[in-house]
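Undergrad: Attaching a single structure in structure tokens format; questions to follow.
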Amino acid sequence: MVVALASQKSIYNSTNETVSLPQLSVTNLWWLANRQNILENISFSIEPGEFVGLLGPNGAGKSSLLRCIYRYIEPSKGQIEYSGKSIWQISQQEYAKQLAVVLQETPSHFNLSVSDVVSLGLLPNTSIWHRTSEKEKYLVEQAIEKVSMSEKKCQAFEQLSGGEKQRVLIARAIVQQPQLLIMDEPTSHLDIKYQIQIIELAKSLGITVLASFHDLNLASVFCDRLLVLNQGRLVANGTPNDVIDCALLHEVFGVNSDIKPHPQNKAPHITYFYSEKEQGDE
Amino acid sequence: MNKLSPVIALVSLILLSGLSILSALAFGAADINLLQTLGALRLSGSEPFVEQIIWQLRMPRTLLAFIAGGGLAVAGLMLQTVTRNPLADPYLFGISSGAAVGVVLFVAFSGAGIFHVAQLSLSVAAFIGSLVAMALLLAVSGTAVAKQVESMLLAGVALSFLFSAITSVTLYWSDPQAISAVLFWTMGSFSRAQWPHLVLPGILLVTVLLSILCLRRQFTALLLGDESAITLGVNVRRFRLLMLLLSSLLTASLVSVCGGIGFVGLMIPHVVRFFISQAQPLTPVLVCLLGGLFMVWVDVLSRLLLANQELPVGIITGLFGSLFFLGLMYMRQHRYQE
């Protein structure tokens with residue numbers, strides 16, 4: 001039933017999208033690993049300026065989908081286009097000028113400092129002979145300032161807390177000056193204060209964002225549109241109001257819940273039920 | 001965490017290197033003092049005998065030591081960075097054992113004693129041996145990005161063992177004189193240095209240094225992991241193969257003229273990292289200078305420690321290098337605890 005619902009929604013969406021060229025479009029994407037379908041026939045597109053959330057239980061294929069989009073893995077079948085051009089036909093460096101990625105976990109070796117890490121955001125925009133100019137140094141300073149890490153810019157990246165690391169990586173993304181920002185579970189392992197801070201920071205950049213989330217309520221409040229993956233398939237695609245309903249939550253996440261509008265911006269807010277209790281009248 | 005100014009470090013290392021090379025020229029079997037050395041360098045009114053010793057023996061030898069130290073240290077820095085393994089060093093990947101196989105097979109099958117063969121053919125044999133090792137390694141590590149580091153490291157260790165086994169087997173059937181000669185050679189020595197030996201390693205060292213200076217941002221990007229480097233537009237697989245190729249060529253050219261000198265490539269990059277962030281553009285140059293400086297003094301020690309005899313360089317780097325390194329780690333540990 002959910003699948004049928006989802007396909008209806010995506011038809012509705014795709015008729016809307018024919019007006020202008022989408023910034024990113026994924027068409028009939030398949031990815032197989034060890035002969036298993038990790039991603040099955042995924043199609044969607046993202047318009048400039050949208051803030052899109054990617055949801056799904058563990059192992060649904062969220063990270064794999066994002067990895068296909070930022071070219072870490074090559075899909076088995078299907079097309080990913082950026083501004084109408086296949087991403088595999090754009091040079092890797094050109095693509096990095098358009099798209100910045102904040103990974104879920106970033107290891108750091110040999111004691112790089114915070115400003116070392118942020119300066120790496122300059123890489124896609126510089127040629128090999130290029131010396132870092134004063135303007136670029138200023139850009140790095142500004143980005144560190146923006147994520148309020150100025151006091152720790154000389155510290156080792158490795159010794160930061162999870163939230164601070166995420167902020168530093170967002171600063172790196174800011175330096176990269178991309179048109180599209182991809183974040184793979186930017187809020188996991190963070191205190192709620194920093195979860196909100198990170199997302200508001202990403203939103204304040206005013207660029208297109210595609211981010212995966214564990215916390216459905218957070219996604220519901222902040223995202224313009226939600227994509228829901230389940231077992232490698234895209235099962236819903238629409239505004240939080242369209243997507244989040246009890247049936248889908250039960251089907252995809254295996255939880256019973258009650259949904260009420262959030263007092264602040266009327267986005268659907270989920271309350272989960274625990275143990276064996278059923279959901280009464282619905 | 002913040003550290004030395006790279007520019008100050010650079011200036012002092014350049015000065016120290018110059019002074020060290022000068023004073024290293026004054027040490028050796030023949031009694032020549034510093035004044036005579038300076039006289040010979042300016043080619044002004046010194047005895048032709050002194051001049052000849054300085055220009056034909058000690059100068060190429062000292063410069064070779066400097067290039068070898070610098071080259072091995074830079075190769076170590078490159079391999080540690082692209083594999084993100086702090087234990088990587090130029091010999092981990094079987095390049096020196098490949099060279100040893102080349103020499104040993106050449107000596108064994110040419111039938112001549114190691115001192116009767118032309119030096120050049122010995123170097124060529126060693127170089128070919130290293131190239132074979134390198135080709136095998138590159139063939140194995142051309143795989144997908146995700147498994148590249150792992151297969152590089154494992155294949156390197158396997159190749160080292162394979163080559164050591166071949167060397168041992170060949171030596172087992174060779175005469176004792178050849179064994180001791182080959183053994184001395186595998187432990188490293190600059191005693192055979194001549195001007196022509198400097199050409200290839202010198203050119204390669206400059207090329208490698210220039211290329212990592214140009215690619216320094218890509219180089220640093222790898223320290224945050226492959227996935228992150230790819231999102232910054234680095235073609236990680238190709239970049240890593242290029243670095244492996246360059247560092248192997250450099251190492252092979254050095255091994256073929258001065259034998260296997262362990263530990264410099266492993267240690268010097270770490271010593272520099274204790275004081276200066278690896279992301280600094282000057283870091284590769286500093287690593288090179290410090291490696292060269294270290295090796296010049298190691299060579300001096302190898303000439304001085306035993307009267308009328310030379311100690312293999314590899315023994316000294318191992319001995320003093322590890323003691324110094326352990327001391328540095330101990331001090332750093334204490335600094336952290338305070």
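Each residue, glycine too, has its Cβ placed from N, Cα and C.
From TrEMBL, here are the annotated features:
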TRANSMEM  B:62-79  transmembrane segment
TRANSMEM  B:91-114  transmembrane segment
TRANSMEM  B:120-140  transmembrane segment
TRANSMEM  B:152-174  transmembrane segment
TRANSMEM  B:194-215  transmembrane segment
TRANSMEM  B:241-269  transmembrane segment
TRANSMEM  B:281-301  transmembrane segment
TRANSMEM  B:313-331  transmembrane segment
Undergrad: Could you name the stretch, out of B:62-79, B:120-140, B:152-174, B:241-269, B:313-331, with the greatest number of CB pairs under 8 A to the transmembrane segment (B:194-215)?
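TA: It is B:62-79, which has the most Cβ pairs under 8 Å.
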Undergrad: Any chance you could find the range in B:62-79, B:91-114, B:152-174, B:241-269, B:313-331 with the most Cβ pairs under 8 Å to the transmembrane segment (B:120-140)?
TA: B:91-114
Undergrad: Please indicate, using numbers and ranges, the residues of the same chain that are 6 or more beyond the transmembrane segment (B:62-79) and have a C-beta under 8 Å from a C-beta there.
TA: 17, 21, 24-25, 85, 88-90, 92-93, 190, 193, 197-198, 201-202, 204-205, 208-209, 212, 219, 243-244, 246-248, 250-251, 253-254, 257-258, 261, 264-269, 272, 283-284, 287-296, 298-299, 313
Undergrad: Do any residues, 6 or more residues outside the transmembrane segment (B:281-301), come within under 8 Å Cβ-to-Cβ of it, and if so which ones?
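TA: Here the qualifying positions are 6-7, 9-10, 13-14, 16-17, 20-21, 24, 27, 61-62, 65-74, 76-77, 190, 205, 209, 212-213, 216, 261, 264-265, 268-269, 271-273, 311, 313, 316-317, 320-321.
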Undergrad: Six or more residues beyond either end and a Cβ under 8 Å away: which residues meet both conditions relative to the transmembrane segment (B:313-331)?
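TA: For the transmembrane segment (B:313-331), the list is 65, 186-190, 258-264, 267, 270-271, 274, 294-295, 298-299, 301-302, 305.
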